[in-house]
Amino acid sequence: MAGVEALPAAAPAPRVKAPGALARLLAHPSFRWGLLLFGAVAVCGLLADWLAPYDPLRNNFRTRFQPPSETFWFGTDRFGRDILSRTLFGIQVSLRIGLGVALVTALVGGAIGAVAGFWRRADGPIMRVMDALMAFPAVLLAIALAAALGPSELNVIVALSIAYVPRTARVMRAGVLVVREFPFVEGARAIGASPTRVLLRHVLPNAMAPLVVQQTYVFALAVLAEAVLSFLGVGPPPPTPTLGGVIADGRDFIQEAPWISITPGVVIALVVLGLNLMGDGLRDALDPRLRTAIR
Amino acid sequence: MLRYAAGRLVSALPVLLIVSLLSFGIVWIVPGDVAVEMAGPTATAEELARLRERLGLTKPWHEQLIGWYGALLQGDLGESILLRQGVGAAIVERLPVTLSLTFTALLIAFVCGTALGVLAAVRAGKAADRAAMGTALIGFSLPDFWLGLVFVYLFAVVLGWLPTGGYVPFTQDPLGWAQAMILPAGTLALSQMGLFARMTRAAMLEVLRQDYVRTARAKGMPGWIVVGKHALRNALIPVVTVAGIACGVLLGGAVVIESVFSLPGVGRLIVGAIQRRDYPVIQGGLLLTATIFVLVNLAVDLLYAALDPRIRHGRR
């Protein structure tokens with residue numbers, strides 16, 4: 001057993017006590033900046049209960065359409081609700097949904113991709129179904145699914161996960177297809193390890209890196225798509241404050257009160273930019289050869 | 001080439017079959033009664049019965065499925081409940097808007113994206129590279145529907161240069177068409193522009209390292225000819241394949257952008273149908289967009305094979 005385990009270590013160039021993965025990551029400027037951006041917005045969202053100056057749901061007809069001022073830093077909407085407070089709570093919803101979709105697609109898509117890549121007979125049928133799912137524009141499919149399932153946060157996660165599962169499955173499959181040909185896998189087979197054990201113990205751990213990178217991008221895509229769904233009114237139902245929903249609130253008043261839509265859009269952009277930067281950093285740190293392979 | 005084309009065509013068939021099954025199945029995931037969902041809470045029992053009859057919901061599911069395929073083979077996508085019009089006709093009527101939006105965006109994304117990518121590759125590691133890649137990154141990080149609103153505010157409300165929305169057919173008034181198209185297509189193009197820029201940069205860096213590029217330089221050929229003719233032509237091959245996928249993403253993005261700019265396209269038809277639970281239109285719209293995507297990708301693959309003999313002869 002020990003001999004088999006030693007093989008993968010012997011394959012790459014000799015390591016000179018490489019710095020830990022985390023240190024390497026933090027040394028990467030993209031990742032650092034991404035983490036800073038994403039982290040700053042995420043912390044604001046998580047602390048919304050303390051940071052929000054007003055109740056995000058309370059209507060106040062005396063303060064309707066207030067432009068940004070000292071009392072309302074980012075103005076108010078047509079019900080006199082504070083944009084800053086609504087945006088802060090909207091961040092929570094976006095992050096919950098983005099993280100949920102990233103985790104669900106990692107598990108489901110990862111499993112589908114691993115099976116397709118490892119058991120060649122299952123590959124054809126599984127990937128045809130994935131191709132068919134991929135043929136629907138992801139956002140359109142998610143809108144239709146979310147509408148059919150009915151408006152709720154959980155249904156948004158389900159709809160977006162179905163829309164983005166094929167990407168994850170493809171990346172996982174590609175990784176497994178490469179790793180399964182390595183000599184150490186053959187070694188494991190040769191000493192009589194069961195296929196399930198070979199897959200779980202030897203192939204998967206070595207095919208994980210692209211998945212981790214991909215899921216960072218899926219997180220970003222899900223945040224963007226959730227905003228679209230909420231903007232079109234098939235996201236979490238009102239009065240839940242969502243970033244896309246606040247943008248939709250300001251849409252009809254873009255002439256008179258442009259501040260309503262501007263703030264949440266900037267926040268979405270910061271979250272997504274942060275996640276994309278982190279993804280780029282992870283990609284470079286985990287495997288430089290992936291530079292062009294994903295995305 | 002013919003064998004490759006035939007093989008590729010055959011492999012598209014199961015995908016189309018599953019696509020049509022999934023489009024049909026969207027009604028089945030609606031929790032509860034589709035008819036109640038569509039007609040609203042005020043509907044009488046009689047109205048519900050009539051709606052069920054029209055949708056064919058009174059039949060068992062296998063008969064509905066056979067009916068769906070039977071009608072599909074005759075090019076019949078069913079009847080819109082709200083528009084009182086055939087779904088096929090409703091879509092065909094609006095298709096020019098969506099297609100001109102999608103393809104104008106694709107053109108903008110491709111031209112600007114490859115230009116950015118070439119610039120970044122030629123100046124790799126320098127300030128211009130970082131600026132180009134920064135632009136690309138920001139391009140696909142901004143929510144496009146929000147950016148559309150910001151553009152409407154800037155160019156239509158503040159500056160008054162362009163209309164806030166609406167559509168003018170190209171055949172009626174080309175200039176009006178261009179004015180109506182530039183903001184939505186530009187907005188839609190931005191995210192894919194970023195991806196094209198990244199792809200082009202990566203492909204260019206790869207190609208610029210090749211021996212024949214060095215040879216061209218060594219024999220004293222001007223730099224811009226080496227980059228533009230020798231390198232770019234070869235670097236573009238993988239970029240063109242991405243255009244097929246970009247086309248699908250843009251078709252999806254068009255759904256939202258049409259709503260933002262009040263363009264009377266298929267996207268707005270589908271969004272309206274979703275908001276009013278007009279399921280036949282949703283099914284037809286999903287099926288049609290996915291079919292367009294499959295066909296475009298088929299065309300791209302065939303084009304790719306025609307351009308690059310290694311594809312049709314070698315193993316993929």
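The backbone N, Cα and C atoms fix where each Cβ goes, glycine too.
Features as listed in TrEMBL:
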| type | residues | note |
| --- | --- | --- |
| TRANSMEM | B:12-30 | transmembrane segment |
| DOMAIN | B:95-304 | domain 'ABC transmembrane type-1' |
| TRANSMEM | B:103-124 | transmembrane segment |
| TRANSMEM | B:145-164 | transmembrane segment |
| TRANSMEM | B:176-197 | transmembrane segment |
| TRANSMEM | B:235-261 | transmembrane segment |
| TRANSMEM | B:281-307 | transmembrane segment |
Contact set, same chain, for the transmembrane segment (B:281-307): CB under 8 Å, 6 or more residues outside the stretch: 1, 4-5, 8-9, 12, 15-16, 19-20, 22-24, 26-27, 72, 77-78, 80, 82-83, 87-88, 90-91, 237, 240-241, 243-245, 247-248, 251-252, 266, 269-270, 273-274
For the transmembrane segment (B:145-164): best-contacting stretch of B:103-124, B:176-197, B:235-261, by Cβ pairs under 8 Å: B:176-197
Long-range neighbours of the transmembrane segment (B:176-197), counting only residues six or more past its ends (CB under 8 A): 100-102, 104-106, 108-110, 112-114, 116-117, 120, 132-133, 135-140, 142, 144, 147-148, 151-152, 155-156, 162-163, 165-170, 239, 242, 246, 249-250, 253-254, 257-258, 260-261, 263
